[in-house]
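Engineer: There's a structure below that I have some questions on.
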Amino acid sequence: MILAAPTGAGKTSLVTELDPTRFEILSFDSRQIYKNMSIGTAAPTKKEQSKIAHHLVEVLSPSEAVDAGLYNRLAEEALQKVLNLDKIPVFTAGTGFYLKAFLFGMFPVPEIDVSVRDRVLSMSKEEKKNLLKELDPNALDKIFPEDDYRLGRALEVNLMGEKWSRLKIDPNTSAICRYDLDIRLGVFLDLDRKELYERINLRAKQMIEKGMADEAWKIQERFGETCPGLKSLGYNFALENKKGNSNLETFLADLSRSHRNYAKRQVTWFRKEPYVQPMGRSEALERIKHMK
């Protein structure tokens, strides 16, 4: 089954109420896959993971780049482990793109020349945005502004002569291409916006109180400020605070706003997807619990 939700909606607290002898969790989250970043990514705690098995959580070093191809391979390995145990895999999705790539297949992107890749790697994030806006303005509407990886990939595709915004995962988006999977239920946790934003604001405050700035600094000291893990949402604000360039009030405001904006994009994404149905937490929990 699929359980999709924006950041802060309460996916983890819901799945910890499931029967661990029947279900295991496969997390599709581009941030929670990193080790030693549990505060800023709100990864399931050790206690929460002890209640029900989670896969694809805290498995990569912050120094490792992640993309849909790597995620697919890791997810396939995890899926087979769960199926071999004769349990029901629950796909929890915050990063809709990775889940969709797993279910529908990968984008048919052209092969990228080394010279093109080197050129893009040498560019700053702003330079990438500006050039992408010139070559393929529609692509920017589909990419989270802080997602440097996808900005780079979109630009590479355009520089190879293809419009990234025109690429399709599958022409028939009403059917899942993983015919080996029996998707019995697809849920999108659809919270009232006011409630969701209040939850996000509280979570941002708790992240700061738990030491997100120190967590970011340790990652920066060990792997460098440009490591892939630190491109995760909000860590730029954590580093700015740790460097003394922002106070706690500014840090909280920036972190909360970035998470609200991210959640808004997630909601927009999942409301357009035909494989999930919007429903409240209580209904979703009951529907999942009674799956056979």
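In case you wondered, yes, glycine gets a Cβ from its N, Cα and C as well.
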Engineer: To which of the residue ranges 29-32, 45-48, 209-212, 257-260 does Swiss-Prot assign the term region 'Interaction with substrate tRNA'?
Structural biologist: 29-32
Engineer: Report the same-chain neighbours of P6 (ATP binding site): residues 6+ apart in sequence with Cβ closer than 8 Å to its Cβ, ordered by sequence.
Structural biologist: G94, L189, L191, L196, Y262, A263, K264, Q266, V267, F270
Engineer: Other residues near the substrate site, CB within 8 A of the CB centroid of T7, G8, A9, G10, K11, T12?
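Structural biologist: Filtered neighbour residues, in order: A5, P6, S13, A42, G94, L189, R199.
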Engineer: Around T12 (ATP binding site), which residues of its chain at least 6 apart sit with Cβ under 8 Å of its Cβ?
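Structural biologist: Residues satisfying the criterion: A42, P44, E48, T92.
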